[in-house]
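Okay, so here's the structure we're looking at.
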Amino acid sequence: MDFTRFMNKFNEIERQLSPTSALRLSFDNISPETEEPPDGNKRLWGVPVPPFVSEKVVSWIEEEFNEAPVFYNGNSVLKKVENVRMIDRYNTKNPTVGTLYLTATHLIFVEPDSNKETWILHMHVASIEKLPLSTTGSPLLIRCKTFLSVTFVIPKDSECHDVYTSLLKLFQPVSINKLYCFNYQPNKDDFPKNAGWDYFKLEAEFKHMLVPNEAWTLCTMNEKYELCDTYPRQIYVPKEATTLMLISSSRFRSKGRLPALTYLHNNKASICRCSQPLSGFSARCLEDEQMLEAIRKTNSNTDYMYVVDTRPRINAMANRAAGKGYENEAFYENIKFHFLGIENIHVQRASLQKVLEACEQKSPTMSAFINALESSGWLKHIRSILDTSSFIANAVDKGVSVVVHCSDGWDRTAQVCSLAQLMLNPYYRTIKGFQALIEKDWLAFGHKFSERCGHIQTDAREVSPIFTQFLDCTWQLMSQRSEAFEFNERFLLILHDHVHSCQFGTFVGNCEKDRLDLKLAERTFSLWGYMANHLNEYINPLYKPNVDEAIKANLAPQCIKFWRGMYSRFESGIHPREPLGDLLLDSKEHCNSLEDHVQHLTKRIASFKNYISKSAKKLQDATSAPGKVSKELSSNEINDNKYNYDKKLSELSAADDDHPLKASNMSFASLSLSAEQSSPPQALPEEINSVAVDWKPMRNVTTCSCSTPFDQFSKKTHCWRCGDIFCERCIDKNVALPGHDSGKPVPVCRGCFRQMQKQSP
């Protein structure tokens with residue numbers, strides 16, 4: 001019930017009871033010292049009610065506002081609706097009936113029979129549509145940025161309207177400070193707030209490329225973002241570039257985005273990025289021309305360089321009428337200019353919408369789906385981006401430097417520069433390197449994540465799937481050269497979902513300056529800190545670290561594929577029960593666990609053998625000296641085990657560090673059959689039993705022990721201690737097992753974790 005309705009009703013009752021009373025004075029003037037009302041019983045929310053407030057008013061307020069709060073899974077429920085039907089377009093005749101919970105952050109649908117839960121984060125919602133009333137209820141169609149499309153049929157139209165209006169307010173905040181990341185709190189044991197924010201430093205990434213050096217230097221003119229407020233504070237430019245050249249070039253480029261280094265290859269060829277020049281039809285800037293010449297001179301391999309405009313020629317020509325445009329080869333010496341035809345953000349947005357329409361066909365046939373996918377043009381756009389990236393990578397690999405721009409240099413430029421580096425440098429094909437690539441070319445150089453992903457209420461024309469296309473192109477390369485990438489498809493999906501979720505502050509804001517102004521590192525958690533705790537889930541089992549060569553994309557039409565795992569991942573019946581990558585990764589983890597265990601046992605056996613050989617040597621020395629033996633040993637001593645144990649205990653205290661029983665906190669005294677010792681230590685059996693030799697097969701497991709059913713997009717995870725299979729919520733702990741030689745933390749279930757906590761001293 002809203003406040004306006006409350007006050008209207010309240011005033012109406014007040015007028016009926018006492019036209020002269022001033023009810024607004026009632027609670028403001030009440031203090032803890034207020035005398036008890038005469039009857040001693042009239043209280044509201046524990047506060048005494050003044051005598052002039054009638055019982056009717058008090059009972060009405062209690063009835064309307066004193067409802068018991070509802071919680072689901074620790075989340076305070078704003079609205080609970082029962083008997084809701086969730087329609088799956090593959091099973092429209094038998095819809096699922098369950099309960100719908102609306103919380104401050106999620107929309108949760110629970111199926112009571114199967115105990116299956118469908119969680120929809122408000123920040124993932126792309127659009128909400130209230131469909132016409134039907135005989136079964138009021139349908140609510142929700143489309144998500146994760147490409148989930150679901151329809152809830154709510155029995156009462158009034159309840160549907162309440163959910164609809166609430167979601168409209170919740171899924172897209174007006175202010176950036178209202179985003180989910182500013183309120184998100186993980187479990188205390190997960191990771192600290194500062195984890196991940198210091199994993200990547202721009203200076204360290206350029207040092208990885210041996211920059212600064214004799215040709216490139218750090219420019220300090222942007223320390224306060226005065227040169228370009230959408231660039232990072234640290235930008236690297238040619239040593240020959242003067243202050244006048246930098247300032248003039250910045251003023252001659254759209255949004256002040258002057259040419260700056262983003263990648264230096266080991267053959268001195270570089271990739272620089274910028275925005276379009278403000279050239280119009282005839283304008284020129286001598287300093288900007290000198291700036292590009294200075295970039296060319298940093299590479300002594302060739303006497304020319306490429307300038308790549310990623311736009312179609314007609315788009316660039318149209319921009320000239322607005323006073324912008326492209327470089328005139330008559331003014332810029334020693335450059336070769338190329339248009340490479342990637343469409344703008346509006347075309348890409350419309351194309352993705354057509355892809356979703358193709359995926360949401362009610363009765364898709366082969367020809368209908370293929371025709372719809374073809375008419376969307378999506379795969380043509382993906383190929384165009386890969387084609388441009390390949391041109392840049394091939395040029396750099398041959399020793400030719402490249403300057404890249406589009407219109408403003410933060411969309412298509414970010415795509416092709418990062419993909420070219422992915423093709424050229426194996427470091428960026430590792431998990432850490434790929435994260436560094438995103439930090440450098442997307443976050444630091446000012447891709448407008450909050451606008452392109454629609455984090456807050458903004459101009460809908462600014463929303464576009466630019467980062468989604470980058471991930472799609474990366475997946476295309478992975479499909480062609482899977483052994484060259486350390487990460488798997490799940491890694492890309494997690495990145496995509498959390499770019500839109502705003503659960504972490506990593507991708508909030510449009511540039512580096514925005515993130516510093518918002519103090520995200522202090523107020524929010526980092527996605528990289530979260531992912532560091534789940535690295536084992538992102539490993540590609542086919543990865544070969546020794547592949548250090550540049551890779552090339554196969555641009556043949558039949559090699560550009562539709563990414564079913566991204567755009568159709570929530571559709572039942574079209575995915576394998578267990579993805580091949582998950583099965584391979586699970587087998588690899590099992591082998592790693594067994595190898596680690598074998599290594600530990602091998603060392604323990606060697607340690608025992610070492611001790612036995614030393615004991616045998618001492619015994620041999622003793623028997624070789626009869627006179628000595630007669631003095632030190634007697635038949636009673638040899639037969640008296642208790643005496644021998646006590647004697648060996650003193651020897652054990654001075655034993656070498658590799659003594660097996662000393663390392664396990666065992667002693668001869670503890671092995672004595674003395675009645676004083678009721679439970680001898682079991683260190684060695686504990687080490688053996690701490691590692692599961694046999695892992696439960698994944699194939700026949702349909703539900704977790706918590707009754708959560710497994711489907712095509714929920715990951716099954718083995719506990720390394722007991723070998724059973726659990727969902728991600730039940731296996732959220734990582735500890736080192738006593739039976740592993742490496743001592744690395746590995747996933748264990750909550751039951752095993754509690755047992756290990758009890759056993760630990």
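Placed from the backbone N, Cα and C atoms, the Cβ positions cover glycine too.
TrEMBL does not curate its annotations; it predicts them automatically.
The active site, phosphocysteine intermediate feature in TrEMBL is assigned to Cys406. In this view, Cys406 (active site, phosphocysteine intermediate) is surrounded by 28 other Cβ atoms within 10 Å of its Cβ, with every protein chain counted.
The substrate binding site annotation in TrEMBL covers Asn344, Ile345, Cys406, Ser407, Asp408, Gly409, Trp410, Asp411, Arg412.
Residues annotated as domain 'Myotubularin phosphatase' in TrEMBL: 196-567.
The domain 'Tyrosine specific protein phosphatases' annotation in TrEMBL covers 376-419. Mapped onto DSSP helix, strand and coil, the domain 'Tyrosine specific protein phosphatases' (376-419) counts 29 helix, 4 strand, 11 coil.
The domain 'FYVE-type' annotation in TrEMBL covers 706-757.
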Non-local residues, at least 6 beyond the ends, that sit with Cβ under 8 Å of the domain 'Tyrosine specific protein phosphatases' (376-419): 230, 253-255, 257, 259, 262-263, 265, 267-276, 292, 295-296, 298-299, 301-302, 304-311, 315, 319, 324, 335, 338, 340-345, 347-348, 351-352, 354-355, 357-358, 428, 437-438, 441-442, 445-448, 452, 464, 466, 469-470, 472-474, 476-477, 550, 552-553, 555, 557, 560-562
Site diameter for substrate, Å, by largest Cα distance between Asn344, Ile345, Cys406, Ser407, Asp408, Gly409, Trp410, Asp411, Arg412: 12
Beyond the site residues Asn344, Ile345, Cys406, Ser407, Asp408, Gly409, Trp410, Asp411, Arg412: chain residues whose C-beta lies within 8 Å of the centroid, for substrate: Ser275, Thr310, Thr413
Long-range Cβ environment of Asn344 (substrate binding site), under 8 Å and at least 6 residues apart: Arg311, Asn315, Ser407
Secondary structure tally of the domain 'FYVE-type' (706-757) (DSSP, helix then strand then coil): 8 helix, 13 strand, 31 coil
Residues that sit under 8 angstroms from Arg412 (substrate binding site) by C-beta distance, when 6+ apart in the chain: Thr310, Arg311, Ile342, Ile385, Thr388, Cys406, Ile466
Residue among the binding-site residues Asp408, Trp410 whose Cβ has the most other Cβ atoms within 10 Å: Trp410
